[in-house]
Amino acid sequence: MTKTIGLLVMAYGTPYKESDIEPYYTDIRRGKKPTEEELQDLKDRYEFIGGLSPLAGTTDRQAEALLEALNKEQDDVNFKLYLGLKHISPYIEEAVEQMHNDGIKEAVTVVLAPHYSSFSVGSYDQRAQEKADEYGIQLTHIKHYYQQPKFIKYWTEKINETLEQIPNQEHDETVLVVSAHSLPKGLIERNNDPYPHELHETAEILKQESNIIHVAEGWQSEGNTGTPWLGPDVQDLTRDLYKEHQFKHFIYTPVGFVCEHLEVLYDNDYECKVVCDDIGVNYYRPEMPNTHPLFIGAIVDEIQSHI
């Protein structure tokens with residue numbers, strides 16, 4: 001008899017329409033409403049990238065692709081999909097409640113973020129676990145999947161494809177900037193958090209597996225909290241790398257993200273490109289994983305190793 005297991009896919013969430021922006025931003029700021037200036041700045045960023053971020057639709061497609069791929073691999077288990085978001089409905093708690101209403105007793109959770117941090121993935125897991133405990137639902141949490149061969153293969157192929165656009169004799173004048181979302185430095189240090197090490201390990205593996213010669217690690221999209229965040233910031237890093245090594249070509253791989261959204265389309269494709277244009281170097285940013293079979297397969301492989 002086929003056993004039904006919940007598949008709780010969790011993500012940050014994004015506004016679906018303009019009227020969602022203020023409550024969404026307020027939720028991110030833990031109930032503190034943004035000023036008109038802050039709200040307008042966010043609206044301007046969305047407008048700059050062509051309207052509201054495509055993240056919502058992409059997240060849905062990623063979750064559906066993951067469900068389909070998992071169920072193809074399993075004969076004795078049928079996964080049922082639930083989507084839980086951090087900052088907008090359907091919230092994580094709503095998804096777990098729906099599982100309970102559907103009679104789900106066991107579920108696997110996975111966050112659409114390849115590296116583990118107690119601040120990010122850990123907080124999603126905690127919210128899901130606290131709600132699941134109310135209903136006696138058993139959860140298996142997937143912590144990370146950056147180390148999965150298919151995840152590495154995806155980025156290796158994209159890096160090598162990008163290098164093909166650059167003359168061979170200029171490969172030594174090319175640098176790969178591997179980045180993820182910055183997080184508060186104090187919190188990372190207090191928790192002895194593995195997050196920076198996992199990004200470093202990703203960069204090292206990509207250097208080993210791809211044809212790139214030079215690799216640098218950076219952080220991006222830090223919050224405005226008045227406290228130190230992980231650095232160097234990718235924009236500062238770009239200027240420093242140019243100053244020290246005179247690289248001509250900069251390839252940005254924001255491997256901590258899994259699709260094209262505001263942090264990639266604005267923070268990389270606009271802000272980093274502005275820096276590249278200013279110092280007179282070439283900007284490249286390979287396509288994000290989105291629903292690519294290698295990316296989906298990496299998560300499937302990680303889940304299968306835990307069930």
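Each Cβ is built from the backbone N, Cα and C atoms, and glycine gets one as well.
Annotated features in Swiss-Prot:
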BINDING   TYR12, ARG29, ARG45, TYR46, SER53, TYR124  Fe-coproporphyrin III binding site
BINDING   HIS181, GLU263  Fe(2+) binding site
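Structure with Swiss-Prot features highlighted.
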residue	record	DSSP (3 states)
TYR12	Fe-coproporphyrin III binding site	coil
ARG29	Fe-coproporphyrin III binding site	coil
ARG45	Fe-coproporphyrin III binding site	helix
TYR124	Fe-coproporphyrin III binding site	helix
HIS181	Fe(2+) binding site	strand
GLU263	Fe(2+) binding site	helix
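Counting other C-beta atoms within 10 Å of each candidate's C-beta, the binding-site residues ARG29, ARG45, HIS181 are led by HIS181. With every protein chain in view, the residue among the binding-site residues TYR12, TYR46, TYR124 whose Cβ has the most Cβ partners within 10 Å turns out to be TYR124. Neighbours of GLU263 (Fe(2+) binding site), defined as other CB atoms within 10 A of its CB across all chains, total 20. Note on proximity: among TYR12, ARG29, ARG45, TYR46, the binding-site residues of the record, the Cα nearest HIS181 (Fe(2+) binding site) is that of TYR12. If you measure from the Cα atom of ARG29 (Fe-coproporphyrin III binding site) to that of GLU263 (Fe(2+) binding site), you get 17 Å.
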